[in-house]
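Quick look at what TrEMBL annotates:
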BINDING   H5, E181, M182, E183, S205, D206  purine D-ribonucleoside binding site
DOMAIN    17-231  domain 'Nucleoside phosphorylase'
BINDING   G21, R25, R44, R88, I89, G90, S91  phosphate binding site
ACT_SITE  D206  active site, proton donor
SITE      R219  site 'Important for catalytic activity'
Amino acid sequence: MPTPHISAQPGDIAETVLMPGDPYRAKWAAETYLEDIKLVNEVRGMFGFTGTYKGNRVTIHGSGMGMPSISIYANELITEYGAKTLIRIGSCGAMQHHIKVRDVIIAMTATTMGTTPSAGFFKEINYAPCADYGLLEAAVAAARQKDTGVHVGNIYSSDVFYAERPDLDEVMIRHGILGVEMEAAELYTVAARHGVRALGVMTVSDHLLTHEALPSDQRERSFGDMVEIALEAAFA
Ligand code: ADE
């Protein structure tokens, strides 16, 4: 501490960390929802801010895109800075007709073919990365207070945004996968390995079946809903 990727000093990081993929979203969320914020990291432009929400200390730190990137930050935040609750807030693509753009998906578990979560040591085990149940329950309760549709279930953490295998999407859809994003499976795996809590709360930004996308004027409001759900769940 500091680490190769985080320049925060001892004590700078709160036990609760919200992790949007985009560092500028971290900045926006900290400025919008937290009080007494302090910039605690900007190595490689990956902003981390610590402040308070309703008197509770919280850090909002970018994760970058994809499982290798969130893996670096989650590992260092947990092992070097003592993070105990990590909540991914981000976007995902919907994979079921009953899910609409702007709805929120809360990932109970995250399926993946990506190599980052397995990293060799699971060998023949098909490990099922899983959310912390207490956080999940609290997030569902917080989401139900809003006028947004909320869906809870299995998502797909992909290694690629521009996928070349439509047959894979078809299998996922037939097996009830709600949506696709690129980070949750590794976050859940790292959190489990270190005995800490993790959850992924994602807004649907695009739809793989209808090809709809969230209009840019609604992105901020949807992102704000997610931040509020994550903060309420963290301190429930
Ligand atoms: N994040 C948001 N939309 C996505 C998609 N369609 N695929 C992967 N990650 C996403």
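Cβ from N, Cα, C; glycine included.
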Handout entry: Max pairwise CA distance, angstrom, over record-listed phosphate binders G21, R25, R44, R88, I89, G90, S91
Key = 22
Completion exercise
CB < 6 Å to ligand 1, subset of binding-site residues G21, R44, R88, seq order -> none
Practice task
Rank the binding-site residues G21, G90 by the number of other Cβ atoms within 10 Å of each Cβ, and give the residue at the low end.
Solution key: G21
Practice task
Measure between the Cα atoms of every pair in H5, E181, M182, E183, S205, D206, the residues the record assigns to purine D-ribonucleoside, and report the largest value in Å, rounded to a whole number.
Solution key: 31
Problem - Densest Cβ neighbourhood among R25, R44, R88, R219 (recorded positions), 10 Å radius - result: R88
Exercise for the section: Between the Cα atoms of E181 (purine D-ribonucleoside binding site) and R44 (phosphate binding site), find the distance and write it as a whole number of Å. Expected result: 23
